[in-house]
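Below is one structure, written out as structure tokens, with a few remarks after it.
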Amino acid sequence: MSAVASDREFGDGPLARGAAAVYHALVLEFLLVLASSPGLVLLFSLVPDRSNIPLAALALVPLGPALSATVFAWRAVLTKGGLEPARHFWRGYRLNALAVLRWWVPALAVLALLGIDVAYLDAVGALDGTARAVLGLILVLLAVVVMIVAMHALVVTSLFELRTRDALRLALHHAGRFPLATLGLLSLALLALGVVALTSDWVLVLLGAVFALLLLHNAKPIITDIEENFTA
């Protein structure tokens with residue numbers, strides 16, 4: 001057996017591919033947690049109370065660039081192969097961190113304001129129970145829309161060099177054009193809530209790299225459409 005044939009057998013076989021996938025996931029998870037650690041320390045030190053909603057939003061600021069870099073790294077690994085997920089992660093972080101923060105921080109601010117409004121609805125004495133319920137539902141739906149656009153924008157910003165307003169326009173446009181991808185995001189959000197409810201916040205954090213991979217796979221039709229119709 002030649003050296004080339006041996007490399008093919010042990011480098012391209014099911015066991016080797018499985019080991020490489022586990023390696024990629026572990027490395028990217030470690031880097032995701034590392035890059036998000038300043039915010040995670042603050043987040044997990046907070047007492048679960050509605051008064052801490054602004055601090056929780058602040059704690060999530062580092063997560064945006066970290067999650068973006070993870071999506072970028074997964075795309076590079078899946079298209080180029082190799083065993084260098086760390087190099088791809090830091091390249092994605094360097095290229096996209098500022099672009100992500102330009103809209104990630106305002107999105108978190110909007111979500112924090114909506115969360116505060118929902119949390120303090122019971123303090124609005126001028127509204128009866130039905131009016132509070134309707135207003136609460138409207139606020140929750142607005143938060144869901146912001147979340148969906150933000151997740152689409154995260155993938156778009158991670159993989160394409162675009163102006164902030166163009167990335168957000170594409171995210172909003174594709175949220176309506178590809179309803180299955182949008183439903184996929186809602187499913188991922190419900191899955192994340194289920195993980196937190198059944199286990200703990202830390203389990204969700206430790207599944208961050210897997211979540212980024214699912215986010216990338218969910219956005220495949222959007223990525224293809226942008227490559228074919230919006231980029232040279």
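Backbone N, Cα and C atoms are what each Cβ position is placed from, and that goes for glycine too.
What TrEMBL lists as transmembrane segment is 21-47 (among others). Sequence-distant neighbours of the transmembrane segment (21-47) (same chain, 6+ residues past either end, Cβ-Cβ under 8 Å): 55-56, 58-63, 65-67, 69-70, 73-74, 77, 83, 85-86, 89-90, 93, 201-202, 205-206, 208-210, 212-213.
Long-range contacts of the transmembrane segment (53-78) within the same chain: residues 24, 28, 31-32, 35-40, 42-43, 46, 85, 88-93, 95-97, 100-101, 104-105, 108-109, 111-112, 115-116, 119, 154-155, 157-159, 208-209, 211-213, 215-216, each at least 6 residues beyond the stretch ends and with a Cβ under 8 Å from a Cβ of the stretch. Look at TrEMBL and you will find 53-78 (among others) tagged as transmembrane segment.
According to TrEMBL, the transmembrane segment annotation covers 99-121 (among others). Residues 50, 53-54, 56-58, 60-61, 64-65, 68, 127, 132, 135-136, 139-140, 142-143, 146-147, 149-150, 153-154, 157-158, 161-162, 164, 167-168 of the same chain lie 6 or more positions beyond the ends of the transmembrane segment (99-121) yet place their CB under 8 Å from a CB of it.
According to TrEMBL, the transmembrane segment annotation covers 133-157 (among others). Packing against the transmembrane segment (133-157) from elsewhere in the chain are residues 64, 67-68, 71, 96, 99-100, 103-104, 107, 110-111, 114-115, 117-118, 121, 127, 167-168, 170-172, 174-175, 181-182, 185-186, 188-189, 215-216, 219, 222-223, 226: each is 6 or more residues past its ends and has a CB under 8 Å from a CB in it.
What TrEMBL lists as transmembrane segment is 178-196 (among others). Tertiary proximity for the transmembrane segment (178-196) is limited to same-chain residues at least six positions away from its ends with a CB under 8 Å from its CB atoms, namely 144, 147-148, 151-152, 203-204, 207, 211, 214-215, 218-219, 221-222, 225.
Summarising the annotation, TrEMBL assigns transmembrane segment to 202-219 (among others). Counting only same-chain residues 6+ beyond the ends of the transmembrane segment (202-219), those with a CB under 8 A from a CB of the stretch are 25-26, 28-29, 32-33, 36, 40, 44, 67, 70-71, 74-75, 78, 151-152, 154-155, 181, 184-185, 188, 192, 195-196.
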